[in-house]
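Notes for the one structure printed next.
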Amino acid sequence: MTGFGGASDDGEATPGWHAIVGITLACVSGIFIGASFVFKKRGLLSANQVAGEGHAYLRSPMWWFGLVLMTVGEIANFAAYAFVPAILVTPLGAVSVAISAVLSSVFLKERLNFSGKIGCFQCIVGAVTVILNAPSSSASTTVASFYHFVGGIGFIVYAVICFLGLMALIFYVAPRHAKRHPIVHIAICSVVGSFLVVAAQGLGSAIVYSISHMDQGAATNQFRDWRIYPLILFVILTVVVQINFLNKALNLFSTAIVTPVYYVCFTTMTIVTSAVLFQGFRLASTPAAISMLMGFLCIVGGVALLFQ
């Protein structure tokens, strides 16, 4: 089991309360985002538009309420990345899966059977296991350290491959297969979302660093580094793209299908992208690594039960 607190790759000691704040924000985020799926789906249904086409849902108050919930959840999620690494925050999205499944049965009348209830419980157990064994400190704290990782040859090659894959999915696969297979739009969301997560982690950590080092003078202010502004623009762009394709998936398929599949794909892609960018994870020990992996697999199993 890893303790709360540690050190980043910058050599900065990480206060123990960072982990507590990060985990709390991640859980709150899961609740709001899980609820947002349901209300946005209600808005899409009330719009009575052709599945997967148009933007009639923009006239639905219910959809906008769902968007507000998602925005609050994403803000909390973004804040969580500022305090703890993505490998700890992202699996806690299982909270949103469980919340979405329960609320879907209430508001959308989508049936939640016994295996689904077991799946919800299994997601929670897996999330707790991940919390207890994941590293509790971020790999980067400053803009300079984040771009040091981004400039690595391994990550550059990985990013180019992902970009080419996205272009193929968006312009070739989606027009032909997206209406029959939910994985198409979900795959686009997951790849884009994984880069959003690592960018949000770098940006959030830099902001926290600036605030916590205010007493050391202007030199520690990360907003004096021009590279933070392209990072902000990248975060905004990826958020817009992710929301657009997630709406398409929700409009075409049941929330009970989209939410769990999206969670598994998004979490897996985020873990892979984080591992490539930060060149692995700083786990306390081999047992901790195994326990964390088992926790993640427990979550995946729970999501699979929800998908039944």
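Including glycine, each Cβ sits where the backbone N, Cα and C put it.
The transmembrane segment feature in TrEMBL is assigned to 17-39 (among others). Outside the transmembrane segment (17-39), and at least 6 residues removed from its termini, the chain residues within Cβ reach (under 8 Å) are 4-5, 62-63, 65-70, 72-74, 76-77, 79-84, 88-89, 92-100, 103-104, 107-108, 131, 136-137, 250, 255, 258-259.
What TrEMBL records for 60-80 (among others) is transmembrane segment.
Look at TrEMBL and you will find 86-107 (among others) tagged as transmembrane segment. Residues 19, 22-23, 26-27, 29-31, 33-35, 37-39, 41-42, 73, 77, 80, 116, 119-120, 123-124, 126-127, 130-131, 134-136, 197-198, 201, 255-256, 259-260, 263, 266-267, 270-271, 274-275, 281, 292, 295-296, 299, 302-303, 306 of the same chain lie 6+ residues outside the transmembrane segment (86-107) yet bring a C-beta within less than 8 angstroms of a C-beta in it.
Annotation comment: TrEMBL describes 114-134 (among others) as transmembrane segment.
Residues 139-140, 184-185, 187-188, 191-192, 195, 202, 205-206, 227, 231, 273, 276-279 of the same chain lie 6+ residues outside the transmembrane segment (146-174) yet bring a C-beta within less than 8 angstroms of a C-beta in it. Summarising the annotation, TrEMBL assigns transmembrane segment to 146-174 (among others).
If you look up TrEMBL, you'll see 186-208 (among others) marked as transmembrane segment.
According to TrEMBL, the transmembrane segment annotation covers 228-249 (among others).
Residues annotated as transmembrane segment in TrEMBL: 261-281 (among others).
Positions annotated as transmembrane segment by TrEMBL: 287-307 (among others).
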Contact ranking winner - 60-80, 228-249, 287-307 against the transmembrane segment (114-134), Cβ under 8 Å: 287-307
Stretch contact, the transmembrane segment (186-208) with the transmembrane segment (287-307), Cβ-Cβ under 8 Å, 3+ pairs: no
